[in-house]
Structure formats: structure tokens, C-alpha cells
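Taken straight from Swiss-Prot:
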TRANSMEM  14-34  transmembrane segment
TRANSMEM  95-115  transmembrane segment
TRANSMEM  125-145  transmembrane segment
TRANSMEM  162-182  transmembrane segment
TRANSMEM  202-222  transmembrane segment
TRANSMEM  260-280  transmembrane segment
BINDING   HIS264, HIS318  heme binding site
TRANSMEM  296-316  transmembrane segment
TRANSMEM  317-337  transmembrane segment
Amino acid sequence: MEQNSAWFMEAKPVAIWLFLCSVMVILMVGIGGFTRLSKAGLSITEWKPITGTLPPLSEQDWLQEKLKYEATPEYKALNYGISMEEFRAIYLIEYVHRLVARLTGLVFVLPFIYFTLRRKISKKVVIKLFVALLFGALQAFAGWYMVKSGLVAKPHVSHYRLALHLLLALIIFALFSYQFFDYQIRPKQTKLKISCNTKYYVGIILVLIMIQIIFGAFVAGLNAGLIYNTFPLMDGQIVPEDLFFLQPTWLNIFENRATVQFIHRALALLILTLVVILTVKNASIKPVYIMLLSVIIQIILGVITLLLHIPIAIAIAHQVFSFILFGSSLYFLCYLRKQTTSPICTFFPS
């Protein structure tokens, strides 16, 4: 027990760092949501990972940036004739978004190098966090890849690329937060016994939450939250009539606004049902209640966002809380792994 406590104290700085990295990712998700809802994401038309750290410093610099923006479809279709002050406002929102992304990278990379060289983290953890670093580099490219889709013909980004951008953020968050939970949750000498299927059940819920977050990105990218602003019915219907008007039929799942919103609603209710069942079956395990509370709050935020036609503050909270819900599920899974025991599951009985 003393050895375990000593290890825990030594790992505390690493745990704090991983927690900070997780919070930074959630902060980025919130800022990204604000940038999108403020329609500021296409105001910076170039990707300069190094030299783009500084904003325009002179009137001439600002004029050059505005001229570049005036060549974009968004300016011509939506913001034609905006003043320099209006342009600066949207430009600075996107600039802060990119600046915080760079800061997040530094918050991760510099301590990662230090802890690795000082051997404060095991080789296994180094490999996992190096994977997170690779995903971070990919995420930076994906962000520009998304923005680029709105600079060509249409004045909005591809909802597929938006979903990719959000999914990569979720993967990075998962790598940081699960490792943080692994440091924080101490193994118990006497472990609580659970059903052999519980961990698999939680894994299924995690996959469904991930799919739900992807469809949330589709809803955002297609502006699907601006239709059927009623709940629980969709303008008086359980199943709206226009779910399958696109051809081929499968395309409706990804590009029909009504279908995408319907799937997003259905997945929310499915996840809620599964979490309630999980809670009932594991009522003696306290972390499951965090998971249940998270899914209830997330659904309430989603319904309010829909009914009030996407108010910015509530919509951002809904996006951010999707990561908190995912994190609470990861926490419960890590808790099960470290503080419970279960019999070996036999899926194919002899």
C-alpha cells in the first residue's frame, strides 16, 4: 500500500498535466463551436502554422487580409461590403481559435518531452501519448482541410470535414482523459464483482456516443437544427415524411437534413435508455451516476438548443457537454477495469 501511495504521488504532476491537456481540448471544442456559430471560420484564408501566430500588425496588413477574404465565396454571397471593423471582428475570432490550438499543442508537447526524458512516464504510456501527438498533427491539417472546403465554390464548409475535425478532437481527448483516469483511479485490494458483460456494455455505449457526436457534427454542418424545432414530435410527426427523398436512398442518412436530425434524436433516446439500464444493473457503483447525470444534462441541452433555434451559448454548451458525456463514460470504463472484477465471459458455449 505504501509503495502504491508513493507511485501515486510521483505520478501526480503527470496526472495534472494530462488533466490540463484534456481541459484544453474541451476549450478548443467550445471555441471552435463559437467560431462556427459566429460565421467567422472562413475569415482567415491561409494556413500558416508558424508565421500565422501573429495577427496583422499594421493597417496595410489588415487591408491585405481583407482583400484575400473578399475573393472568397462567403464574402461575395453573405458578407459583401462589410466594413474593416466588421472584418476584424470575425478575423480575430478565428485567430483566437487557431492561437489556442497552437497553445494546446505547446501545453502537450513541452511537458511530454520533459516527462519522457526524466522517465516519469512508462514506455507504454509514451507510445500512447505519441499516438496522441500524431493525431494532434493530423487534427491541425484536418482543420485547414475543413476550412479549405468553404473557400472554393460554396460559402460553407463540408459537413463531412467538420465531422472529421470533431472526431479527431474526440480521439485526442479520449487518449488524454483515459490516461488521466488511469493515473487517478487506484486499484482496490478487494474488488467489487460485476457481471461479465458490463465492460462490453459500456464499450457499446461509448461507440454509440461517438457516432452520436459525428451526427451532431452533421446536424451542425447541414444546419439541420433549424428545421423541426419541436420536441418530442417532429412538427407533429413521430417519423417525418421527408426522410428518404434523396436518391440513392442511403444518401439520406448523411445529407438529408430531416434524416440526420431524426437519427440524432433517435440515438439520444437509445443512449439514454442504455445508460438507465446500466445504472439499474450497477446501482452500487457510484461513477455510473455521473454517466447518467451527464446524458440527462446533454439531452436537455440538445432539446433547448432545438426549441430555441440554436442560441449560441446553449449550442456551444451542448457541443462541449458531448465530450464531458464521453469522458464520464470513459471514466466509468476505467473504474470498472481497476476497481472491479468479473468472470470470464463465454460467448460461444461448448
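Using the three backbone atoms N, Cα and C, a Cβ is placed for every residue, glycine included.
Three or more CB pairs closer than 8 A are found between the transmembrane segment (162-182) and the transmembrane segment (317-337), so contact between the two stretches is assigned (pairs 6 or more residues apart). Of the candidate ranges 14-34, 125-145, 202-222, 260-280, 296-316, 14-34 has the most C-beta pairs within less than 8 angstroms of the transmembrane segment (95-115). Note: HIS318 (heme binding site) has non-local neighbours GLY216, GLN298, LEU301, GLY302, THR305, i.e. same-chain residues 6+ apart with C-beta under 8 A of its own C-beta. All protein chains included, HIS264 (heme binding site) registers 22 other Cβ atoms within 10 Å of its own Cβ. In this chain, the transmembrane segment (260-280) does not touch the transmembrane segment (14-34); fewer than three CB pairs sit within less than 8 A of each other, excluding pairs fewer than 6 residues apart.
Here the transmembrane segment (317-337) has Cβ contacts under 8 Å with residues 22, 25-26, 29-30, 33, 169-170, 173-174, 177-178, 181-182, 185, 194, 198-199, 202-203, 205-206, 209-210, 212-213, 216, 220, 285, 287-288, 290-291, 294-295, 297-298, 301-302, 305 of the same chain, all six or more residues outside its ends. Residues 30, 33-34, 37-38, 225-226, 228-231, 264, 268, 272, 322, 324-325 of the same chain lie 6 or more positions beyond the ends of the transmembrane segment (296-316) yet place their CB under 8 Å from a CB of it. For the recorded site, HIS264 (heme binding site), the DSSP three-state label reads helix.
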